[in-house]
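Participant: This structure is in structure tokens; I'll ask about it shortly.
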Amino acid sequence: MAEPGGEEERPLLGSAHNDCPQRQALPALCDPRRLAHRLLVLVFMCFLGFGSYFCYDNPAALQTQVQRDMKVNTATFMALYAWYSWPNVVLCFFGGFLIDRVFGIRLGTIIFSSFVCVGQVIFAMGALFNAFWLMEAGRFVFGIGGESLAVAQNAYAVSWFKGKELNLVFGLQLSMARIGSTVNMNIMGWIYSRVQDLLGSTGHSTLGFTLMIGGVTCIFSLICALILAYLDKRAGKILCKEQGKTGEVIKLTDVKDFSLSLWLIFIICVCYYAAVFPFIGLGKVFFIEKFKFSSQEASAINSIVYIISAPMSPVFGFLVDKLGRNIIWVMCAVVATLASHIMLAFTFWNPWIAMCMLGVAYSLLACALWPMVAFVVPEHQLGTAYGFMQSIQNLGLAIIAIAAGTILDSRGYLFLEVFFSACICLSLIAVVMLYFVNHLTGGDLNWSAKKREKLQKLTAAEAESREKLRRQNEDDLAKLQPKNDFSLRNRYLSRLGAQVLVAKQFFPTEDIPIKKQKKSLSSHKQYIGSYERAKFIPLLLEINLAYNLKKIKTKRKG
């Protein structure tokens, strides 16, 4: 009789997951399978990018102060945005690859959050020491972590939320990020004034201390990254999931396999954001010069895009979830953005109208465009795809930032607005092409939400059927699996009518490990003499059978 813990208690083939701890009833807030816990994770997920987005637009919120205190022109000032973007031309792509293959989501998020904190500190130290090159270096380090952190944030979202929830989650993430940008636009000037009152004068020291205070938000985001890592690791243990196990191998050469639809999404992203972020970076002075706004009024209207984006992003995310038709929503957003830039360039209408329209369009595009990546690439390539999307976006932003500063210094704001309108036109052309390519290839980018949900259910049912069939085939193969040579000989001899006296209890070599065989066989020396001779019993039986058959034939002849 087998002892407890023996071979009989081991899990069957394909039941390795039985090693996981048994599921216990947990409070809803502590159970990763429950909605309450996932919403808690979503809160930290949203705050993960708060500090990065807050500090990204520090130069825009302090454009006048930076140019005055550091004594630089507009082109040099815009280099602060270019230095942020340059490292991400490469690192965003490899950031996604590192998240997928090397660090994993948890460690990668912590590393990238640390780069954001260190970069902001260096940026502030450059202002304190009146060294603009050090400020540029700080923005470079800040950029190393900033966009890669956004990739990690997207990967977390896809890991915790699936299907129709995804658009809403992206909208909430963007909403919280825009709250950070809005607070930055409206509070950094006030902080600068308070620091100026404490120091008694303006100058690079005042600017440096102001930027250092802004860096506190980056520390807050780093804390959120640590909490997220703990919660994700805990969920992995409870749900018996291994981090980074995608089931397929990711190769850097996967980029050449990206579909035409995905490349068109990349073009839309680059051309659209190239006409939004650089405009906001230079918008404060634009409203002061063209519309004669005060500094506070200019900061307020320049931040209206982010103010609108904060509450509208989850609304639009929910709307896109319910209705689908992502390409149509993207097209509407691009057309509205083009109309906004034309109004700002060629009319003196109240700029609040154009900026509010731009804010609505910006929110809508983000909620409809980014989730489309998950529809056209396999899940194991999502980190790489999002990383590459961020990478080429930053390439465009770096080039456009330098070009925008140069155009503004040499030609003025009218030519700059025409330039931004041309970028939006390119984005519109790419959207139209994406619509027809998706239609011709039978893609699902423009499906309704009901149709997509129906297909997902059908796909899940087919996958379940294939899994059941696979398990049934494994069971059938296990039943048909041949036994060892000794068992086959005994079966053959028994069918011939020969007497098989060598029982399993004499030769327990089939179910007992090798180390125990000698000990077991030694107790049967009265039957077989020794263990070495036992190995020849099957051969002796065959010889005996052949002898008996020969004897029978001889009698028949006689």
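Placed from the backbone N, Cα and C atoms, the Cβ positions cover glycine too.
Whatever TrEMBL says is automated annotation, not expert-curated.
Predicted, not measured: the structure shown is a model, and the values here were computed from it.
Quick paste of what TrEMBL says about this protein:
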type: DOMAIN; residues: 38-441; note: domain 'Major facilitator superfamily (MFS) profile'
type: TRANSMEM; residues: 39-56; note: transmembrane segment
type: TRANSMEM; residues: 76-99; note: transmembrane segment
type: TRANSMEM; residues: 111-134; note: transmembrane segment
type: TRANSMEM; residues: 140-161; note: transmembrane segment
type: TRANSMEM; residues: 211-231; note: transmembrane segment
type: TRANSMEM; residues: 260-280; note: transmembrane segment
type: TRANSMEM; residues: 300-320; note: transmembrane segment
type: TRANSMEM; residues: 327-346; note: transmembrane segment
type: TRANSMEM; residues: 352-376; note: transmembrane segment
type: TRANSMEM; residues: 388-408; note: transmembrane segment
type: TRANSMEM; residues: 414-437; note: transmembrane segment
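Explain the structural surroundings of these features, please.
Facilitator: Tertiary proximity for the transmembrane segment (39-56) is limited to same-chain residues at least six positions away from its ends with a CB under 8 Å from its CB atoms, namely 29, 32, 84, 109, 113, 116-117, 120, 123, 142, 145-146, 149-150, 152-153, 156-157, 160-161, 169, 172-173, 175-181, 183-184, 214-215, 217-222, 224-225, 227-228, 231-232.
Cβ atoms under 8 Å from those of the transmembrane segment (211-231) belong to residues 32, 40-41, 44-45, 47-52, 54-55, 58, 62, 106-107, 109-110, 113-114, 116-117, 120-121, 123-124, 127-128, 149, 156, 180, 184, 188, 191, 195 of the same chain, restricted to positions at least 6 beyond its ends.
Non-local neighbours of the transmembrane segment (260-280) in the same chain are 57, 60, 78, 81, 286, 302, 305, 330, 334, 337, 341, 358, 362, 365, 369, 372-373, 376-377, 385, 388-389, 392-393, 395-397, 400-401, 404, 420-421, 423-424, 426-427, 430-431, 433-434, 437-438, 441, 443, 445; each lies 6+ residues outside the stretch with a CB under 8 Å from one of its CB atoms.
Non-local neighbours of the transmembrane segment (388-408) in the same chain are 73-79, 81-82, 84-86, 88-93, 95-96, 143, 147-148, 150-151, 255, 258, 265-266, 269-271, 273-274, 277-279, 281-282, 373, 415-416, 419, 423; each lies 6+ residues outside the stretch with a CB under 8 Å from one of its CB atoms.
Packing against the transmembrane segment (414-437) from elsewhere in the chain are residues 260-261, 264-265, 267-268, 271-272, 274-275, 278-279, 282, 327, 330-331, 334-335, 337-338, 341-342, 344-345, 400, 403-404, 407-408, 443, 445-446: each is 6 or more residues past its ends and has a CB under 8 Å from a CB in it.
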Participant: Averaging the per-residue pLDDT over the domain 'Major facilitator superfamily (MFS) profile' (38-441), what integer do you get?
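Facilitator: Its mean pLDDT is 87.
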Participant: Six or more residues beyond either end and a Cβ under 8 Å away: which residues meet both conditions relative to the transmembrane segment (352-376)?
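Facilitator: Sequence-remote neighbours of the transmembrane segment (352-376) are 154, 158, 166-167, 170-171, 174, 178, 259, 261-262, 265, 268-269, 272, 276, 301-302, 304-309, 312-313, 316-317, 319-320, 326-327, 329-330, 332-334, 336-337, 339-341, 343-344, 382, 385-386, 389, 443-445.
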Participant: Same chain only, please: residues at least 6 beyond the ends of the transmembrane segment (300-320) with a C-beta under 8 Å from a C-beta of the stretch. Say none if there are none.
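Facilitator: Hits for the transmembrane segment (300-320): 60, 167-172, 174-176, 178-179, 181-182, 185-186, 276, 280, 283-284, 287, 293, 326, 329, 351-352, 355-356, 358-360, 362-364, 366-368, 371.
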